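Straight from TrEMBL, the features:
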type     : residues : note
TRANSMEM : 71-90    : transmembrane segment
TRANSMEM : 102-124  : transmembrane segment
TRANSMEM : 144-161  : transmembrane segment
TRANSMEM : 167-184  : transmembrane segment
DOMAIN   : 186-254  : domain 'Mechanosensitive ion channel MscS'
Amino acid sequence: MMILIAETNWNALLENIALRTTSTWIGVALAAWLANLVTKKVIVRVVRAVIERSRFKWDDALVEHRVFERLSHLAPALVFHLAATFFLTAESQAGSADLVRRLASVWMILAGASAASAAVDALAGFAQQSPSLRDKPVRSYGQVVKIVLLLAVGILVVATLAGKSPWALLTGLGAMTAILLLVFKDTILGFVASVQLASNDMLRIGDWVEMPKFGADGDVVDISLNTVKVQNWDKTISTIPTYNFISEGVKNWRGMSESGGRRIKRSIALDMTSVAFLTEEDLERLRQIKFLTEYLERKAVEVKAWNSERGVDDSVLVNGRRLTNLGTFRAYLELYLKDHPHIREDMTFLVRQLPPAPAGSRRHPDRDLRLQRGATLGGVRGHRRRHLRPRARGDPGVRVACLPEAGRQ
């Protein structure tokens, strides 16, 4: 009889404990659900309403990236953690209470990390819109912060579940340094490259770059921790590792864009056997060209004065100074280019004679334009070629289109 009564009391006690534990967990779950509901439906909405009425812009970015919605996940996790600490105090509930506390702590760590990651994205996006930071690799720094955050979260989660100090885990990670360097090699190289690109102002969003090795020729549209995206002129996208902008050769056209001019450098082949002194008939015809009228009058006076001072015998052609069709053509090139509305006179302007080549003597106009790229540049080049380049005449030589009167070939 006594044994039966003892068994009955023990079973009743177990049922009472199980019932109380179950009811406690049901109450905790309901409290967590209620906390989550109140946080999302009331607190988050109030915060969003306050932010929408504020005059600041950076907090709008936090709303767009749902930072406060992610923070709301802390409420139910906090309820479970507090319940395990203050309500599950019975000795029989010690094991489950400890497990719940650890899981709730991990929940809060992950929720906080998720909100922090969204906040980093929001602030990076907001900073990217600033005129002073628009062309800076802000996203690269944001990605570095998120990687550090991810590593810290991983260490905290493992330490929480294992019930050990995070510093003890960090001490043990020293032996895994080689593995970590191997896994994060590209990330480390990308971070170093991003810092160098930013500190030396080597690359900005919007820069026109050329990297023939990767088939890239266009504008930089994105700079991230590991890659740089270049939109080529045919609208294709070239993705290049960030580190290659440090280790490989790259041509950046930013200087040309900022200067407002672009150099055109072309050579014109001339038949050296056609170089000759200009006769009076040649001079009369050439004076009808508007660019050469003043030049020829000034040079004629200069040459005549020079020969008179030295008593030069004009009956011999090689004596003294004389005008040649080659020199006159060079003067014409200079005057024509200076008169062109798109030629910049405040930049390098040079018309020079290059060493002879199999195709003949070459004149090399080298000058800068008041334009950067596109159809206008092609139009100026085409107009200059049509005006200055030789054209076929049906004989072995070709005659310069703009100066047929001079007999240049």
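Glycine residues also receive a Cβ, built from the backbone N, Cα and C atoms like all the rest.
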Long-range Cβ neighbours of the transmembrane segment (102-124) (under 8 Å; 6 or more residues past either end): 58, 61-62, 64-68, 70-71, 73-74, 76-78, 80-81, 84, 138-139, 141-142, 145-146, 149-150, 153, 156-157, 160-161, 163
Looking only at residues six or more beyond either end of the transmembrane segment (144-161), which have a C-beta under 8 A from one in the stretch? 102, 105-106, 109-110, 113, 116-117, 120-121, 168-170, 173, 184, 187, 191, 194, 225
PLDDT averaged over every residue in the domain 'Mechanosensitive ion channel MscS' (186-254): 85
